[in-house]
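Colleague: Quick paste of what Swiss-Prot says about this protein:
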BINDING   45-47, 85-88, 116-118, D121, 141-142, K163, 181-184, N192  NAD(+) binding site
BINDING   R132, D148, K154, N164, 196-199, K256, 270-274, H277, H293, K362  7-phospho-2-dehydro-3-deoxy-D-arabino-heptonate binding site
BINDING   E196, H277, H293  Zn(2+) binding site
REGION    403-850  region 'EPSP synthase'
REGION    875-1070  region 'Shikimate kinase'
BINDING   G882, M883, R884, G885, T886, G887, K888, T889  ATP binding site
REGION    1071-1296  region '3-dehydroquinase'
ACT_SITE  K1226  active site, schiff-base intermediate with substrate
Amino acid sequence: MANADVLKVSILGKESIHCGFHLIPYIAQTVLSNLPSSTYVLVTDTNVANFHLTAFEKEFEQRISSLPTSSTKPRFLSLVIPPGETSKSREGKANIEDFLLLHRCTRDSVILALGGGVIGDLVGFVAATFMRGVRFVQIPTTLLAMVDSSVGGKTAIDTPHGKNLIGAFWQPEYIFIDAAFLETLPSREFSNGMAEVVKTAAIWNEAEFISLESRSADIFAAIQTPSADYAGRSKQTRSIAQELLLSVIVGSISVKAHIVTIDERETGLRNLVNFGHTIGHAIEAVLTPTILHGECVSVGMILEGEISRQMGILSQVGVGRLNRCLKAYNLPVTLADPRIASLPAAKLLTVERLLDIMRIDKKNSGPEKKIVILSRIGATYEPKATVVPDSIIAKTLSEAAKVIPGVPRHHPVKMATPGSKSISNRALVLAALGKGTCRLKNLLHSDDTQVMMAALNELKGASFAWEDAGETLVVKGGEGSLSVPPKGKELYLGNAGTAARFLTTVCTLVQSSPQDNAEYTVITGNARMKQRPIGPLVTALQANGSKIDFLESEGCLPLAIAPQGLKGSQLQLAASVSSQYVSSILLCAPYAEEPITLELIGGQVISQPYIDMTVAMMKTFGVDVVRRKDPVTGKFLDVYEIPKAVYTNPPEYNIESDASSATYPLAIAAVTGTSCTIQNIGSASLQGDAKFAKEVLEKMGCQVSQTATETTVQGPPIGQLKAIEEVDMEVMTDAFLTATALAAVANGKTRIIGIANQRVKECNRIRAMIDELAKFGVETIELDDGLEIIGKPISDLKRGVSVHCYDDHRVAMAFSVLSTVVEGTIIEEKRCVEKTWPNWWDDLENKIGLTVQGVDLASVASEASASGTINHDSAASIILIGMRGTGKTFVGNLAAATLSWTCLDADAYFETKHEMGVREFVHQKGWQAFRDAEFEVLRELIAEKSQGHVISLGGGIVETPAARELLKEYAATKGPVVHIVRPIDEVIRYLNSEASRPAYDEAIVDVFRRREPWFGECCSHDFFNRFGDLPYSSPKATSREIARFFNHITGQRPNLAQNLTSGRRSYFLCLTYPDVTQSFPVIHELTQGVDAIELRVDLLRASKDYDSIEYSIPTLAYVSSQVAALRRVTSLPIVFTVRTQSQGGSFPDAAEKEAVELLKLALRLGVEYVDVEISLSEKKIKELVSLKGSSHMIASWHDWSGNMIWDGPVVKEKYDAAARFGDIIKIVGKANSIQDNFTLYNFVSKVNSTAGSKPFIAINMGLEGQMSRVLNSTLSPVSHPLLPSKAAPGQLSFKQIQNALHLLGLLPAQRFYLFGTPIAHSMSPTLHNTGFEILGLPHHYELLETKEVAEEIKIAIGDSAFGGASVTIPYKLDVIPLLDKLSPAAEAIGAVNTIIPRTTGSGRMLVGDNTDWLGIKACITEQLSSKPIHAALVIGAGGTARAAIYALSALNVGDIYLYNRTTSKAYELAHAFPHAPVHVLEQLGQWPNGAVPPCVIVSTVPASATTTEEETSGILLPSKLFDYRDGPAVVIDMAYKPAETPLLRLAKTAGDNWATVPGLEVLLEQGYVQFEMWTGRRCPKELVAKWLGRLTTDHKQFVFEEECES
């Protein structure tokens, strides 16, 4: 059995690496024979043990038992440890060492490491240090460990500061590579190891790399066929696939072994094996354990290759080859890969974070970062890692770019652009279909050509190989022989439109075969590709007999194409949208069953030069196409005759440079007044865009000279480009974006026509240019087939613009031209240029000579939650669906107002477009015509209004299958689709009274039942629109909930617990009612002090089930109604929990499906926190993670048994599992003694100290565990005495925990003050002390009345117990010198009424703030909710008036009118707010001509200074102040003596729409704000207000701090 044929590899002068198949007997024999010992210890993990431990134990025991009896027989011990990176720690090492000591192992022991890289690194380090070093053997079981970590003697453990930071070089005695182990390895793990194999070939051996490039399918096949009866152990039984696999492994190992032999201790050369690891390890530090080591290194290799390209060392050819090779092994090559981008942790991959992690790297020298730089495939720039500045690394890592304006340093520029995309794709198709071998030179290395080659490869249409270091592609044509890809394999084309159109016809050439296991070929693409039209081409092919089905939207990808061959003969094609439809048929026509006559119909043919190019290229490949002529006029007709033939491949075909790409460097010369020469493109070019220089740039004032193969442009002086009155760009449509960018800075108006087809490219390019130019302040006018651009001087353009590129390469490059003269322009999505010019940004700097900087959008954007993930752009438009009459328009208007967006009703849009209402349209043309037109409107809205809109759709949109698919795709990839839900009985009542829309042909309830499932499948969210009044909810509850919901789901302002995100102590209340409405009478008391409220869904029970003994799972409808009801009485975030019986709840453990449905419902309802038990299947958890949007996931584990030990391996295992998925981790055990709480506390302290740790809820249940509830700082679950029961044993109330924290010294008592005079009758102490008492806070608020700001106040604020102070007249200015900093509000208002002590890294800081404006703002928003405020009036010009103007500015009021008796003071105040729209009124009540009267009035003068009587002193208040009648309005009088001032009295007579707010309410509001600023807790305002109300009734002399100012 032990006679195995092995390949031996030498390392450090010893043949210690033995490679083969089924080697366990060989390993046992070799170890026992050559490494005599008293004890052999095999260490493995639980995963590997399940597969291989028994075989090792059996083999060693048999061989030990057969040893001579005369000698002492050695022992064979085994230790199984938990799997995963967490075992590779100081504790993991100590556990193994303790095992060895316990079993009295000595220095002659031999340790065998059986497992992956973690086991090898860890056990190797144990061997290096145990008894000062013992012998060990590596037996790697993963491909990654075989080719990387097991070879070279590196051993290490991880620390919280990084991976492998503590370790030693300790060479194993043997390394046994048993490739049969790979048969049990998941394919993802195999790919993980292939990253290291590709890396080794890339740095050292190009021949090996070529083999890896071309044989990926064979290599994968080698591990997918199990070897029966130990096949492969001997050479005679070894298959060809096994030989290939072994050669790949041995080849990779040999390179590393050679390098290690030369440089064992990594002083230079050994650095090379870290190619891809500098950046890869940084990525891994953030994404571990979800993304594997090899996957991170794969991305790292591409990024480090791009750094080399940026440095001018590696060509784009090399980067492209590396990219393709890694993709062939299913490895990610970009951080945008869905496997990475969909993870919550991906949000943490900021440039700053990655650079910070990269600082701790063993290759570095001090602060200098070192990266292995490739010079070409198979060679490195230096025989060691190279020092690379942070700026270069940051530029590559950044997702956006900024061009620094200036004159190109390399002027005059002379350069060539990449190969033409159009010609490259045509050449690939021609050569693949042709006979013989063709060498393609100057092929474009881009995303587009990569997907084309990959698709042709999948179709088995040709074979591809590289020569000349990748500069030449060798294509061996398949002569038109094509095969259906295997079942389940789709041809994924991304956003490559050219590939999609060409391959559609190519796939019709496929003939069915008995070997096929699929019935058709499926072509698909990304979300935008699925919107781009391909209908005319498909229609033409279908009419010719091809069977092609649209799988989703009609007229778009994906397509299913049956293998029936192309029939031929007569074809008619509409060619007014894309010339690529024509080229697609032309290219494939020779392979039809009959010669083809192709007739183009449907109006003017688009881009004729590109059709001519196709015909010319076909001729080069041996097929002549005849274009018919009119026999009378001799003019060409749009009819083409193509014979049956087979292309004959020319030996070599040189691809012309891309003319569209050439427009960008030429345009840079034009706009910067410099010279640029483009080689390989001139007047002889077949490409239409080659005319750009003569037809556009010359007319704009440039000097243009052109030969047959070269074009030179000299721009006019900067700022002197001329506008072109009109230019028809129909023959060069792609170049219109470049022309548009130049026209923006030209003198005059430019009109561009002939480009209608650009609306259906990668994006709607005409709209994209219009929208993005508007950010610069450039005016444009959209035309039916183009646009007009009104140019502006460069100096007048707005600076610092961030350009959205719509994932469109041409948009990005066009705006990079404009950015060369406009400072601060940020080009988002810089990587979208990889479609046609992957190294554009490098060439811009290296060849043109303009500095390009990377921009990390994460640091530019406002800081978001570290763990939240939004699956869409937060500006993505929201689509509302639902039955007619559910309130979509009502909700949409309020949502749009909240977000400052535009609400767009699809019915109104339809009416404008078709110039008739829906009812009339249906009457004239019927329902089907209406549904078709309605669907087109939906497509148009999604394309045209993709951002900043709330779009309300008609209820019947879901009747159209294509519309449902479009809505589902939008919800999955673009933005929220919200289903507005309303009880059906309310809907019926409303519709029976409504007459503006066509009546249904059937009962409303039947329509509802049919559509309800469709609404559910199309939406990403549900919003319950409750119209009826709910007891204990405020009248404004609906509008407040709409604001909360839409701010949350868009990610604009997620409704998360602020104390949690800021790191302070946080709590949630556990509701235990079967019906939450039972809590509403006491909801304000229940929620005192907490940050969130838990809805225990497993405890819910509808009233009909109260008497039932059996547990009944609550229905989705009941749970939805409970959430909706709770939303109307509290704005606190909801924690949605479905606790199962085994984890202490009531939900059945076996009902996983029902639990997941409820959790999905929570995410659809926009619930903020969703508790997900990690006992659910991983697949279900990942599905929930993918849906969570702005919601956060609490990954929880509960163990009621009392057996869970906080310092045992199980807790760490559960913690790591929860950390993979959760934004917050929750582990709950049961305390058996008080000591268990200290063990818990130590565990929490340890995991919280690691970099990037997540918020952690750790609690022990039971009476003995109450201390853990006090010490827990993250979302502690609390009860309340008013609840019917506690949710868990040992639960405490919020107040009890505060008392305990105080007794433990964790919540010291603080002193708060009111500074001012006179203040004896102030109610501020009552307000704050009542709040402290209710919440159980140990603080005290008192008066400090002094004659001046003197020593007493200085002593108070200097005391360590000082918690904060209110400041009133006359000290609002006098205290400022005592403070360290003022808030922006205090600076703008010019006064301080609040002092807040803040702790910083350098000590304590006193911050002055002003909360007056927040009190005013709160009172306005309470009455007007999210309604936009068109105009407001402020009366007075003192300090309170400043606060009012500041508040109104914060509310984005359209116009602020200011009146004061002393007009000069009013103007003085207006000048203090230069950026606010303040208009001084000469006469009160006289508004500017045509202006709408204000809907907000704030008076800041004493009541005694106002009057409603003529002929009396004071400001006369005219009744026309309250002329506004078009909606809710509010008047605030800051005076509170008397309770009803003349202004408020007048308002009450004005109209029902005017709400009145007395000054006392404002003062209370600003006091509540102060309370929260100081304590971090919301003031229990309802209870405080009740108490104060009683006091003010009983003691009229009690007042607040100040009267209003005159």
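Each residue, glycine too, has its Cβ placed from N, Cα and C.
Note that the coordinates shown come from a computational prediction; the quantities given were computed from them, not determined experimentally.
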Colleague: Enumerate same-chain residues with a sequence separation of six or more from T886 (ATP binding site) and a Cβ-Cβ distance below 8 A; give 'none' if the list is empty.
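Modeller: Once residues fewer than 6 apart are set aside, T886 (ATP binding site) is near G955, I980, V981, R982, V987, N1025.
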Colleague: Who sits close to V273 (7-phospho-2-dehydro-3-deoxy-D-arabino-heptonate binding site): which same-chain residues at least 6 apart have their Cβ under 8 Å from its Cβ?
Modeller: D148, G152, K199, T200, I203, K256, I259
Colleague: From the recorded positions H277, H293, K1226, pick the residue whose C-alpha lies nearest to the C-alpha of T889 (ATP binding site).
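Modeller: Smallest Cα separation from T889 (ATP binding site) among H277, H293, K1226: K1226.
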Colleague: Beyond the listed site residues E196, H277, H293, identify every same-chain residue whose Cβ lies within 8 Å of the center of their Cβ atoms for the Zn(2+) site.
Modeller: L144, D148, A195, K199, G276, G280, H281, G294, C296, V297, G300
Colleague: Can you tell me how far the Cα of K1226 (active site, schiff-base intermediate with substrate) sits from the Cα of K888 (ATP binding site), in Å?
Modeller: 38
Colleague: Work out the three-state DSSP category of D45 (NAD(+) binding site).
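Modeller: Where D45 (NAD(+) binding site) sits, the three-state DSSP reduction gives strand.
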Colleague: Can you tell which of the binding-site residues E85, V118, V198, R270 lies nearest to R884 (ATP binding site) in space, using Cα positions?
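Modeller: Minimum Cα distance from R884 (ATP binding site) across E85, V118, V198, R270 lands on E85.
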Colleague: Cβ neighbours within 10 Å, counted over all protein chains: which one of the binding-site residues D45, E85, E196 has the most?
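Modeller: Within the set of binding-site residues, the most crowded position is E196.
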Colleague: Could you check which of the binding-site residues D45, N164, N192, E196 is the closest Cα neighbour of M883 (ATP binding site)?
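Modeller: Of all the candidates listed, N192 is nearest in space.
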Colleague: Between V198 (7-phospho-2-dehydro-3-deoxy-D-arabino-heptonate binding site) and N192 (NAD(+) binding site), how far is it from one CA atom to the other, in Å?
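Modeller: V198 (7-phospho-2-dehydro-3-deoxy-D-arabino-heptonate binding site) to N192 (NAD(+) binding site), Cα-Cα distance: 11 Å.
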Colleague: Give the sequence-ordered set of same-chain residues, not counting G882, M883, R884, G885, T886, G887, K888, T889, with Cβ within 8 Å of the centre of the Cβ atoms defining the ATP site.
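Modeller: Going along the sequence, the neighbours come out as G955, I980, R982, V987, N1025.
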Colleague: Just give me the nearest neighbour of G882 (ATP binding site) among the binding-site residues D45, E85, T142, N164, H277, Cα to Cα.
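Modeller: Nearest listed residue in space: E85.
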Colleague: Do any residues at least six apart in sequence from K888 (ATP binding site), in the same chain, have a Cβ closer than 8 Å to its Cβ, and if so which, in order?
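Modeller: In sequence order, the residues whose Cβ lies under 8 Å from that of K888 (ATP binding site) (at least 6 apart) are L880, I881, G882, S952, L953, I980.
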Colleague: State the Cα to Cα distance, in Å, between R132 (7-phospho-2-dehydro-3-deoxy-D-arabino-heptonate binding site) and N192 (NAD(+) binding site), rounded to an integer.
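Modeller: Roughly 34 Å, rounded to the nearest whole number.
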Colleague: Within 10 Å of the Cβ of T889 (ATP binding site), how many other Cβ atoms can be counted across all chains shown?
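Modeller: For T889 (ATP binding site), the 10 Å Cβ neighbour count is 16.
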Colleague: Counting other Cβ atoms within 10 Å of each Cβ, which of the recorded positions R132, R884, K1226 scores lowest?
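Modeller: Each of the recorded positions R132, R884, K1226 was scored by Cβ atoms within 10 Å; lowest is R132.
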Colleague: Measure from the Cα of K88 (NAD(+) binding site) to the Cα of every one of the binding-site residues E196, H277, H293, G885, G887, then give the nearest.
Modeller: H293
